Every structure is written in structure tokens, then in C-alpha cells.
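Comments concern the structure below.
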Amino acid sequence: MSSSVDLRTVYAFAREFHSKGPNIEKLLYGTAGFRTLHEKLEFIAFRMGLLATIRSRKFGGQAIGVMITASHNPECDNGVKIIDPKGEMLERDWETIATDLVNVPDDRLESEVAKIIAQEKIDMGAQSNVFIGMDTRYHSPAMGRAVVNGVRALKGNLRDFGILTTPMLHYLVYTHNVRGAYGFPTVDGYVSKLVNAFKRLRGDVYENGNYKNFILFDGANGVGSLKMHEFNRQLGPSLECQVFNSNGKINHNCGADFVKTNQRAPHGLPEHEPNTRCVSVDGDADRIVYFFTDSDGVFHLLDGDRIATLIADYLMNLVKKCGISLKLGIVQTAYANGASTDYIKQQLKVDVACVPTGVKHLHHKALEYDIGVYFEANGHGTVIFSDSTKEKISSASRSNETSNEQKESLRKLLLTIDIINETVGDAISDMLLVETILHAKGFSLKDWLATYEDLPNTIKKVKVQDRNIFETTDAERVCVKPDGLQDKIDELVRKYKRGRAFVRPSGTEDVVRVYAEAENNDDVQLLAAEVSILVYEMANGVGEKPSIPQQKL
Ligand code: G16
């Protein structure tokens, strides 16, 4: 290890500008990095600037991303997460390193940095490159400056891209490091790549059967609404997309998380015809759900499970016709609706796996398939084609032995690879793929909804004194701590037909999440309330105690 950087600057910057202060709360690199109240985050952002610089040097100067966002969380929160050289989430071992770095007091920061450099054998004379992006929260620029100071303290190089969607930063990191593999390493290059593939798949006829060329886009008052305008300029008439919720408080009464959790339309939805196709994305545009209100005024949600099944069905059909044998699999989490899992097994006859919450877990599992389709029910997901699959598809598409019909399926598979963001789920890219499929099938949202019937379900949040006392196993379907909780949950679940419930500590909010599903909505509400009360009572609940819904008293 050689060191050409004086580490005393690390402590100097921390003391002068980004002190941790007397804060002793243990902070964890969670489901999507560090996420907390913005007032508590600045010193963390500074330290992540340090870490990203060190990590970039580990890879000989390849770009490492630092994204400032609290994604679906309320406006008062912010977050910071690191993106690895291939556009993937930070490697697991480094999550621990990040956690340790954030939890040392200021006066031990310099020695902790020195420890990481020594342990990881970092050449501090090597090049480094940190890419920074941020969402539209008013405090994000301050967090960005803290990251910049972290990079400067270690004499690293940086590029500040300003306001970006999270998936755009993943793409920029990857395309910068792996030149020529995927697309041009610019935002414009990204938009063009997706839009060109979309236009080529759609052709010149923009409507088909029950599919109408109009969509309402809820931008969650976040970066997605800004970037969708850029997409709209390139899409032109090929997709008529009206953006709303672009100026208010981020995620407030709108966005994918609001719509999914409350199972209702967002505020700010413009006047529209019944059955109009609507989408909601979240604050940094990495997840998406579809919804519509029918002519009886009934709201219908089509979430990540629906998107996964629609995409898998479309790809399976292409695979069957393309003349190559490929194994496709779907990856879900415990939040997946039981009816979707049954549909995948019984109708689609596709392999399905269940992993813990967090895109990194789904992504990792999806890599085991030739084509891995992964989605969380909350609308977070994408498709990954293995390198050998891509190679097989492109060589078969050039082969003289391939029939014209096979070539057409192969062409569509190649364009699908271009329309998706394989590094991470992207709301806009996912929307373009779903629009492609609905258009190809001539489907309205009603048609899509009719493919199977969801089991009624709900997700509740319970605030407790310390959510870290909750531990789960079996892809979060079983709670092993606090002792005895799971037995009591099982007892409650047994009372309900097709009942299922689980609890897990959130990795992004200071709550325990409770999921329940059952044959009818009354039962779902009752089961969720009973489990929530159990959690509240066994773990020193904070604030108002959950209560049993009125209709069942
Ligand atoms: C993040 C993660 C998702 C996860 C969600 C909620 O999403 O990237 O994988 O599903 O948090 O996680 P939890 O239930 O642990 O709070 P986002 O869109 O907020 O970045």
C-alpha cells in the first residue's frame, strides 16, 4: 500500500464542517444505504464521500456512484447510498465497512479511514472517480456538498451530475466503467437508448385493440417528473404521457408508495375518463405501479407482482418462438400477493423464488437464471439477461439457419434488452416496457387485471422503541425475535381463510412493517390490526396503539 494523501485532512474537515457531534445512535447501512432525518445525515454523506473515494481507488479509478436520496420516504428524510462499478448495489462486506465508518466518533475517524486503507490494501496514489447524483429534496444540495468535501479530503476526483433519477446514476456509473457495452455514458444517451428501443418495438401504429395511446404520470413531486419531460420530448407522439405532481412536496399524498400502501389514487390526479391508464413513480423514480378507476368509481391497483407476471409472460412467448432454449425465472419477496405466486406456478409454469426485501437480494438471485425477472410488490424491479444469453440471442439473430419468425422474436428480445435498465429497476424504463407489452397485446388495464385475481392485502406500519429487536428468517416470512411472536402470529393467521401475515423491521424507515392477506378485505383489516397490536404490545410500541377496525367490534 502506498499513501500520497495526508489523512489529517479527514479529521480537519469533519471537525470544521461535518461533525458527528455527540450522536451515539447506531446507524446501519440498510435496505438502500443510510436513510434518516436530513438533519442527521450530513456527517454520514461526508463519510460516504470518503468511502466512495477509497472504493474507487480499490478499482484503480473506476467510477463509484453516490446517490443522495430518501426515495419513497417523506420530505424530511434524506439518504445516501453507494453504487458499485458495474452499476450494482454496494458489495455486502463494504456495507459493514460503511456502517463501521459512520459509527466511529469524529476523533477516531482518521484512524478508521487508515484501517480501511490498510485492510483493503488501497493504493492511495491511484486514480479515483466519484459520480454524485441527487433527488429534488431541498436539503439534497447540502448533502451533495458534504459528499464533495469527503472526496476532496482524500484528494479524489468527482463529477457532480446534479439532479438525476437513481437508475440514471446507476447507468452512468456502469457505462462509464464498461465502455461500449451498454450505451453512451450521458443522460441524453440513456434517454435515447430507451426511447429508440421503445419506438422500434412499437412501430408506426400507436394504438391497438383496447390499448389507447394515453397515460397519466404521477411524478411524486420528485425527479421522475422532471426527467419524464425529457423523455416526452424524445417520445413525441409515440406515447402521449401527461405528467402531474411535479411541483409540490416530494411523495406527499402521491407517488408509488402512497398509492400502493393506501390502495387509492394520488392527490393531484387531473380530471380523466374512467379506465384511463395511470402510473405513479416514487421520489427518485426507481419504482412504479399502475392503477385506474373504473366506470363505477372503483380503484384498481396493478403493482410490481402484476408487472413481473406481464413481463415474464411476454418474454416466455418470445423465448418459445425464438428457437433457443432459455431458462426464465421470477424473483419475488414475501410481500408478493399469494395469487400472483400461484399464477406464476400454475399458469405461466415459470420458476419462482422468494428472497428478503431489498433490490440487492432480488438482483443477486435473478442472476441465476438465463433471464431473471425480479420485482418487489412495491414496484421495484427489472429484468436481467445473462451474458451468455445475450450472446446466444445475438448470434442466432445473425445466423442463416434461423427462420424469419424466429428472427422476429430474437429482434424483440434484443430490443427488450435495450429498453430495460439491467443495473437496477427504473420506473420510466419499466413503464416503457409495460407500455410495449400492453400495446402488443392490445390490452387495457382491465384486460391486464383480468389475468388473475389478487388476494385482498394490506401493509401497516407500527412504531416501536427499537425495531432492531426484530429478527426474521426464511426470506422474512418467519420472525425469530422477539421470542414467541411468530407462534402468536401463526395462531391469528389460522383463524382466517387463505390468511397469511408476517412482520419485519423496515430498512428505510423507523417502523416495523406488518403484511396481511386473506380471502376478503374485512378479514385482511382484522388480521393486520391483530398482528399490529401484538407487535406494539410485545415491543414497547410508540404513539397511538393500533386498533381493531370498527365493523368487527
Ligand atoms: C428501498 C429498497 C427496496 C425496498 C424499499 C422498502 O426502496 O430499494 O428494495 O423494498 O426500500 O424497504 P423497507 O421495507 O426495508 O423499508 P426505495 O424506493 O425507497 O429506495
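Backbone N, Cα and C atoms are what each Cβ position is placed from, and that goes for glycine too.
Curation does not apply to TrEMBL; its annotations are automatic.
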The Mg(2+) site in TrEMBL includes Asp282, Asp284, Asp286. Which of Ser71, Ser111, Ser444 is also listed there?
Ser71
Rounded to the nearest Å - Cα separation of Ser71 (active site, phosphoserine intermediate) and Asp284 (Mg(2+) binding site)
5
Do any of the recorded positions Ser71, Asp284, Gly507 touch ligand 1, in the sense that the CB is under 6 Å from one of its atoms?
Ser71, Gly507
Output field, Mg(2+) shell: CB within 8 Å of site CB centroid, site Ser71, Asp282, Asp284, Asp286 dropped
Thr69, His72, Asp135, Thr165, Thr166, Gly222, Gly224, Val281, Gly283, Ala285, Arg287, Ala427
Does the domain 'Alpha-D-phosphohexomutase alpha/beta/alpha' (63-96) come close to the domain 'Phosphoacetylglucosamine mutase AMG1' (215-289), meaning at least 3 CB pairs under 8 Å for residues 6 or more apart?
yes
Cβ neighbour count within 10 Å, max among the binding-site residues Pro505, Gly507, goes to Pro505
Write down the Cα-Cα distance for Asp286 (Mg(2+) binding site) and Glu376 (substrate binding site), rounded and given in Å.
11
